[in-house]
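Asks: According to TrEMBL, the record shows the following:
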- HIS115: active site, nucleophile (ACT_SITE)
- ASP388: active site, proton donor (ACT_SITE)
- CYS104-CYS441: disulfide bond (DISULFID)
- CYS292-CYS308: disulfide bond (DISULFID)
- CYS463-CYS471: disulfide bond (DISULFID)
- 33-53: transmembrane segment (TRANSMEM)
Amino acid sequence: MGPRQLFANQEHKYVALGEHKERPLTDRRWSKSFLLFITTITLVAFAALVFIFGRPSPHGDAPASCDTIYHGYQCQNDISHYWGQYSPYFLVPSDISDDVPNGCSITFAQMLSRHGARDPTASKTAQYNATIHKLQANVKNFTGPYAFLADYEYRLGADQLTVFGQQELVNSGIKYYDRYKELASRLVPFVRSSGQARVVESAQNWTQGFHAAKLANQVSKYADAAYPYPIVVIPETDVCNAFENGSDGNIASKAQAQWAAVFIPPIRTRINAALPGANLTVMETVHMMDLCPFNTVASPNGTISGFCALFTEEEWHQYGYYQTLNKYYGFSHGNPLGPTQGVGFSNELIARLTSKSVDDESSTNHTLDGSNDTFPLGRRLYADFSHDNDMTAIFSALGLYNRTTGHLPNTTITEAPQANGYSAAWTVPFAARAYFEKMQCRRRPEELVRVIVNDRVLPLTQCDGDRLGRCTLDAFVDSLGFVRGGGDWGRCFVGKYASHFG
């Protein structure tokens, strides 16, 4: 990550990001003013090209590359949209148009985004590497679609954004600006990020895209003197002891194991038969599937990996459901304390929507939320950056997918359209983004609220959303009784975990 200034402020810190990691332009000996000049010229040129060539064709032509600004990832959709949380962001189909209705204008836009595509976590990358070494040590002949494995060299890193993932967030910033141009052309967004490096870097990349789009739409070179935008960084801490350390943490892995016992054995048998000596286990077979999305997003252009062709379309649907079970039983309604993990941000969202102080006794940082510098109210544009697990918990706390019938089964698939639009790929892919909008409409006295997750307008049935997916602001806030009541936060510190609270 490029140089940055750190400012300590009592119990918190925030980052004013100066230089950006993505394509350094010079060494540190060059002057700051010259750097800013070169960066501005580069961003303007980039944004101009994007706006000329990057918009969707009005004739519905196929995208020129796998990843596009306005539609996301669009290569081999029959499999790539079924990689769960490892899918690159893509436009999710919506029964409700996400256009701004005639006679209405957007008055507020809060984005909640996942970081961009990354390498596997450190523990997973070690496991994947070991699986490849085992194959290459034990299999004497790789043929057919497996031939590439003979010379495949494991080069995936650990935890860091890929170049593809950085570009996802640049694209996201451009798209956000274009969507909210009426506000964004004259206002600066307030940006926050959770503390992990890949999340902070994603926030940086997003501001690059936003600023480039803004410059491309401005006549004056002084249009946005506030850039580079400060980014408030929130330390990542585990604060719900019962959730982090208790038995609830095993629910997801048990659910996945049950489903893996159903769909993995035929895949495992086929691969082991095709590769005598492989003797892959159930989990090693899952690893082989994981290597498809991770190698794909390791390519700067998102080129589909050879691992992807080793499995059928039906098997990718099964794999996608395997990942959905992880999120649902780990951080959503399938876990007794899952939705409670999202209560803190949800109460902050209420505060921003209503311009009232945060009322929360769960996971929020009172020092940060009590300062106008680190939690300003009355702004029109907000952008927060986090992780897939956090977003899943927040969506659940807000009741956005409450119409999902019962708990998701562990022995048969429930696809997203049958689960009220819920799946890991539809909700928390790499570079996922949710928009919480307020709009003012003619002949409507109160502002309306609408929620859009990866371009899908949610029906907001919990507050009697209209045919355009909108509730009044009061009705939306009133529907969040679980959030306003603190969820089940009291359960975080019961029994043997009570001593850890303080």
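Even glycines carry a Cβ here, placed using N, Cα and C.
Tell me about the surroundings of these features in the structure.
Replies: The Cβ neighbour count for HIS115 (active site, nucleophile), using a 10 Å radius and every protein chain shown, is 29.
Around the Cβ of ASP388 (active site, proton donor), 23 further Cβ atoms fall within 10 Å across all displayed protein chains.
Residues within less than 8 Å, Cβ to Cβ, of CYS441 (disulfide bond) and separated from it by at least 6 positions along the same chain comprise PRO101, GLY103, CYS104, SER105, LEU448.
Counting only same-chain residues at least 6 apart in sequence, those with a Cβ under 8 Å from the Cβ of CYS292 (disulfide bond) are ILE79, TRP83, SER305, PHE307, CYS308, LEU310, PHE311.
Around CYS471 (disulfide bond), taking its Cβ as the centre, 23 other Cβ atoms fall within 10 Å, counting all chains.
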Asks: So which recorded positions out of ASP388, CYS463, CYS471 end up within 10 angstroms of HIS115 (active site, nucleophile), measuring C-alpha to C-alpha?
Replies: ASP388
Asks: Looking only at Cβ atoms, how many others are within 10 Å of the one on CYS308 (disulfide bond)?
Replies: 19
Asks: Please report the distance from the Cα of ASP388 (active site, proton donor) to the Cα of CYS471 (disulfide bond), rounded to the nearest angstrom.
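Replies: A Cα-Cα distance of 26 Å.
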